[in-house]
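First the structure, in the form of structure tokens, and then the observations on it.
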Amino acid sequence: MTMTGMFTLRVWVAAATLSAACPPAISTAFAQAEPTGPPVVGIIAARKEPITQTEQFIGRIEAKQRVDIVARVTAFIEKRLFVEGTDVEEGALLYRLEQGPFQAVVAAQKAQIAQVEAQLENARLTTQRARTLLGGPAGQQSTYDAALANERALEAQLQGAQAQLDTAQINLGYTEIRAPIAGQIGRTSLTIGNVVGPGSGVLTTIISQDPMFVTFPVPVREAINLRARYGPTGGFGAVLIRAQLPDGRFYDHTGTLDFVNNTIATNTDTILLRGVLPNPPIFGQTRSLLTLRELTDGEFVTVFLEGVEPVEVVAIPRAAVLADQRGSYVYVIGQDNKAEERRIQLGQSSTTLAAVTSGLKVGEQVIAEGLQRVRAGETVSPKPADAILQRMMRNSAVNADSAGPAASVSPPAGHAPTGAASGAGPSASGSPSRRR
């Protein structure tokens, strides 16, 4: 056999061997790709579900009462009678100022009163004698008039001296600076031996501790929605307040809404709301006499405004909701198993449950799985959604109630939520869609 014949034989044998070794599917794929059927998608029916409506805002803790302690008279500080940072009772003595000069003024005013009283007693006797002589030959009307005028002048002088004594006693009382309210007292700005007076500034501050206010600005649009939602069902009594602390923990106690401001902040287009939260001691009084509490004046918290009663909404899995520049939408199964894009409005939603306020009816079949293969108007092959997804749908309302606000949080104003599922298909406008 020639060299050319041997080479041809080897090529033919190699080709035959490769053809036998390749699986039929691969060889067929290389030959011609088979057309695929409609994409398989998981569907779930929209249904009524109870959900706790919650709105989230940023708030600040404020003391119900806050008093700056200042000196009313000028004097040296003789004593400080409180421990900084502890709780004080209303009327408790905080500072004692030098009292000697003020006691001397009181004594001088008392002496002045005694002198005027003696003069007045003599003037009254003189007036009485002049009145007696007025009917006889020795009496003169002018003498009587002068005596009466002197008596009345001394009466006025006595009243002035009494007023000066009252002022001196008030100033003496100001040398004892007392707590006008009960609360936690702060640090002292001046120590013993310093001269204080009305111009010395704040000596210390007392802040009431229980209860506390929490104030939070609400966008006007949100406020209108809240009014429409809760106004007919009890107003302030239809909502409660929960607070999330800076470390992420939820405060153990709930509060109530008690105030809506009467004006709108024009620079932010918000209206101020206020709630009341209890602030009891955590561990009782410590050895250092400090009383520890959870809430502190000026502290930032996340405020959750939560409906007292759950409401029934049209609910679908959060994974079924897509979003683009025009808003939120879902795909529903239409006639002949064609996917229809449906624009929806979302209400209060949880991390697993989307509450639909418009655009969807109870019983409509919503595509919740396989969304990455769905295009509007194309035929799909619907199958029941995965059992895990259906179980999450059934248990979402129960989980939301048991887990507290963290399970039923709506995003802050101006922030769009994100869903847990991935693989959203393109939007109708051609721009990439995202989960909501």
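A Cβ is built for glycine as well, from the same backbone N, Cα and C atoms used for every other residue.
As recorded in TrEMBL:
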{"type": "SIGNAL", "residues": "1-33", "note": "signal peptide"}
{"type": "DOMAIN", "residues": "66-199", "note": "domain 'Multidrug resistance protein MdtA-like barrel-sandwich hybrid'"}
{"type": "COILED", "residues": "106-171", "note": "coiled coil"}
{"type": "DOMAIN", "residues": "109-175", "note": "domain 'Multidrug resistance protein MdtA-like alpha-helical hairpin'"}
{"type": "DOMAIN", "residues": "211-280", "note": "domain 'Multidrug resistance protein MdtA-like beta-barrel'"}
{"type": "DOMAIN", "residues": "313-373", "note": "domain 'Multidrug resistance protein MdtA-like C-terminal permuted SH3'"}
{"type": "REGION", "residues": "399-436", "note": "region 'Disordered'"}
{"type": "COMPBIAS", "residues": "400-436", "note": "compositional bias 'Low complexity'"}
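Each residue of the domain 'Multidrug resistance protein MdtA-like C-terminal permuted SH3' (313-373) gets a DSSP state, and the totals for helix, strand and coil are 9 helix, 35 strand, 17 coil. The average per-residue pLDDT of the prediction over the domain 'Multidrug resistance protein MdtA-like alpha-helical hairpin' (109-175) is 86, rounded to a whole number. Secondary structure by DSSP for the domain 'Multidrug resistance protein MdtA-like alpha-helical hairpin' (109-175): 58 helix, 0 strand, 9 coil.
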